[in-house]
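Trainee: The following block contains the structure, expressed as structure tokens.
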Amino acid sequence: MIDRYSLLRPWLFCIDPEKAHNLTLSNLDRAQRWGFLERLITKPINDPQVLCGIEFSNPVGLAAGLDKDGKYIDALAALGFGFLEIGTVTPRPQPGNPKPRMFRLPEAQAIINRMGFNNDGVEACVARVRCSKFWQNGGVLGMNIGKNASTPIEEASRDYILAMEAVYEIATYITINISSPNTQNLRALQGEEMLRELLGSLGEARKHLCDRHGVRKPLFLKIAPNLDQGDINLIADLLLEFGIDAVIATNTTISRDAVKGMEFGEEAGGLSGAPVRNASNIVIKALKARLGNQLPIIGVGGIMSGVDAREKIMAGASLVQLYSGLIYRGPDLVYKCATVLRQP
């Protein structure tokens, strides 16, 4: 598949990034529905990993953001991922930020986006999840939740609780996204006072949902790379205090040091891809040093090869997730990463 993708990529890179993104996913979905995709993709790697009571078929997952609305679940599952994370979804539909809002920086193997949680709303996404064969067959599917842009930051807990209630029945795990730079003030939720309030509220809501549904769903927290040691230690301690089950490190960065002077390098938004790799690894190592084996870490950020995926595991992650690497390396990156991670 990678050879085919290397032929397609120059053509895709001539198209507006967001249009290319949607076109690629639509064609993947069409190929999957017609039965062609499985013939083009290398057989998935079976390398079971158990984390938070969940069995992942292999340790390579899809990061949130690629399929925000659950429209392409079965097509993406066919690429060989061990798990998928859908979203970010919000309680109410919202259009996101004005276009253009996605930019490629090929020289740095990077993407800048300021999408702004554009999505059809959590209820529409849940309906699509229920229709997917992947979910019906018991595939591991995380739901990434956020707050609406119109909701004041002081009332953020309300939105997260509404979204959690909506996805609870269909999610294998639920990720609390407080680290996107594209929703005003969202990252303020990583501060001690607001994070305590949010995690406490979600913990209470989960207890009620557990009683109602008879099952305790794991809660993961996704954090930013732009954190100092004190911030990381504080967040790690709060995760343990409030019974959060895992941490995803990291989201996109607001730093532009690695892309200075490049076309689009000064665009507002979150920078992902190769430039965030080291920053993500540093956060993972710091979390591991603080948490030890008390809480698992999922590593994401800048994985462009199997070696990069291995670095995340060596830094302290138990699983990894891909996004920008798929844009630059193509679907075969899933197989390559899973193959390297299966090796002793």
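Just so you know, glycine gets a Cβ as well, placed from its N, Cα and C.
A quick note: this is a predicted structure, and the numbers were derived from the prediction, not measured.
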Trainee: Considering the FMN binding residues A64, G65, L66, D67, K68, T88, N144, N177, K222, T250, G302, Y323, S324 given in Swiss-Prot, which of G35, G116, G121, G273 is annotated for that site as well?
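Mentor: Answer, per Swiss-Prot (FMN site with A64, G65, L66, D67, K68, T88, N144, N177, K222, T250, G302, Y323, S324), from G35, G116, G121, G273: G273.
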Trainee: Going by Cα-Cα distance, which of the recorded positions (R114, G116, N177, S180) sits nearest to K222 (FMN binding site)?
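Mentor: If we rank R114, G116, N177, S180 by Cα distance to K222 (FMN binding site), first place goes to N177.
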Trainee: Rounded to whole angstrom, what's the largest C-alpha distance between any two of K68, N113, R114, M115, G116, F117, N177, N182, N251, T252, listed as binding substrate?
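Mentor: Value for the max Cα separation, rounded to a whole number: 16 Å.
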Trainee: By Cβ count within 10 Å, point out the most packed of the binding-site residues listed: A64, L66.
Mentor: A64
Trainee: List the same-chain residues at least 6 positions away in sequence whose Cβ sits under 8 Å from the Cβ of N177 (substrate binding site), in sequence order, or say none.
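Mentor: In sequence order, A64, G87, T88, N144, I145, G146, L186, K222, N251 meet the Cβ cut-off.
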Trainee: I need the nearest neighbour of S180 (active site, nucleophile) among the binding-site residues K68, G116, G273, Y323, using C-alpha distances.
Mentor: G116
Trainee: Per residue, counting other C-beta atoms within 10 angstroms of the C-beta, which of the binding-site residues G116, G273 reaches the highest number?
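Mentor: Answer returned by the neighbour count: G273.
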